[in-house]
Structures are given as C-alpha cells and as structure tokens.
C-alpha cells in the first residue's frame, strides 16, 4: 500500500480519535442561507450563492462551527459544470466556482480558529493558546438526480440524451432515484468526473458524495475514485424513504457494500432521511462494513419537488431530533449531524448531547 493510500485509510480514524471518538457534521445549508436573506429560487439552489453572495455561505459555515461542528460541507451539492453552463458560464468559470466553494469553507475554518486563538489568549491572560478543535472541510458532490430536479433548460449538446431523460422523468428521479435505462454507468461517470477531479484538488480534506439514490451511481462514484487516482478520501452517504432500502428501491446493504469495497471511502452512511428510519439503517450498514458510520438526517419533513417547498407537518423539532442521538450513537454511528431543515441550534443540541454521553462513556477503540 502506497504512502497516500495509508494516509487516506487512516484519516478518518485519526480524526475521530482527535475528536474524542465522535465528530459532529454541520446542518442544513439552504435553510440558513434563506434565513440570512438569500433568494434560492433558482436551478442552482444554494450554489447560486457562490455567484451572488459568497459572504452568506461563509457566515453559515461559521455559525455551524460556533455550534460545535467538526465537519463543514461546501456549498457545491447542486454545483455542476453542466448546471453552470446553462447559466451562461464557461467551463473555466464553472470550475473556478467549484474551487471557490471549498475556499469559502476553508476561509470560515481559518476565521473560526483565529477567533478561538484570540479568545484563548485573552481568557488565559498569559498568552497560552488552547488546543484547537479539529475541523475538516468536506467537498460536497450531489447526485445526478439533484441536477435533474433543478427544472432548468438543458442546452448543452453534449448532454442532449441525458437532458431528454431529465425532462421526461425529472420528478420520478428526484423522488425515487430512478434514472431510466438511457442513463448508463459510463454516462454517470462522464457527468461527474470533471467535477470530482476539480473538487479533489481544491484544498478540501475529504469528498462527501451525498444523497446517493441507487447502486448504479454509487458504483460510478467508486470507479471514478479508483480510475482517476483521486488523492483525498471520500465518504458515501445514501438516502432512504422506508428505512430498508435507498430511495430507488436498491438494498442499503448492497449499496453500502459498494462503498466498503472502495479503498478511498473512509466512512459510509445516511443523509437527508427522516430520523425515525435511521436506527435500522445504521444496523444494516454495520453488517456489511467496519468503516465508520455517519448519519445526518433531515428534520423529517417532506420535500415537494414540484412546488419546491417543504411539507412541515411531518417534521420534528430540535428537541425531538436530538432525542434520537443517544440511540444512534449506541447503534454505532460516530459521525452525526443534520441535513435539510436542521439549523445551528440542532447542531448545538447534538454537540451537547454527545458531549454529555462522552463524559461517561468508555473510549472508543479503532
């Protein structure tokens, strides 16, 4: 095993050890951007702010760091080169925005650490600098389904075939992760490859492949990581609507097995899934991999892709959300955070809950 492979394989276990056995992932981005005044009624969704208001993205990252997050995720989930092209941007401009998404997160981390050093200096009175909390920057890669669901015109000739599929099956794809026979493994690899390459060289610590809806896309990501000799580690995170399978109907166990077999993948888990389903999914994942399990559920609300609105009646508040955290930790999850509609208050409550458990728990062995 080469030096880089060794570094990749140990990054997450080393990081978790530095964090005390568990790490906190940040929460929802779009909700917070809107709370700070951003208008996200756009095909690029939160990635729009990379163009219009990067300072708001930085502010949200800082809010999550101050709430206790150990991992902040870049605003690149909906940022695809194809999506930027439909907005009239060149390939070079699109790649620059992808890199900028990671730079903003790194800037927030540096600002947070600088603030912490200043506070520590002032508090001790003798210039002692307290140990900084470990923080990773994760570069987000959303699924092809996220691109299809944006409702934009598909003007790129190179993607004409995929665009036709998108116009026919946009809603089906968003809700169920079913892309149709025209979207092959090679087509998905072609769609994602350059974005992954750019983000891997952007200064991020890890790539977060998020909301993966099916086995096909998981395999595409795994093959890109292997074939393109990506130098930084990754995590795979799937989503589910029933607590048994991923949204396409593929088995969560089979999907997690794909992640387990990829040497670059250092953690496997679930995101953007109602909290009530997480317990069984952690158990299923734990049966097929020994890699760290991460979970960052949504609030439990349901997204209406046609109206582009969240249905609030099904959601849970911060207190109810955090009531699950102890059980998830007992089940084996060691990276825990929130996804859509969770806030810095959610992350602050998770941090408090895990800190309380950690004070009386035995040390986790890796």
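In case you wondered, yes, glycine gets a Cβ from its N, Cα and C as well.
Lifted from TrEMBL, the feature list:
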type	residues	note
BINDING	272, 339, 340	Zn(2+) binding site
DOMAIN	11-354	domain 'Hcy-binding'
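Feature annotations (TrEMBL) mapped to structure.
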| residue | record | Cβ within 10 Å |
| --- | --- | --- |
| 272 | Zn(2+) binding site | 20 |
| 339 | Zn(2+) binding site | 25 |
| 340 | Zn(2+) binding site | 21 |
(message) Quick check: which same-chain residues outside 272, 339, 340 lie with their CB within 8 A of the centre of the Zn(2+) site CB atoms?
(response) 28, 211, 239, 271, 273, 296, 297, 298, 299, 338, 341, 342
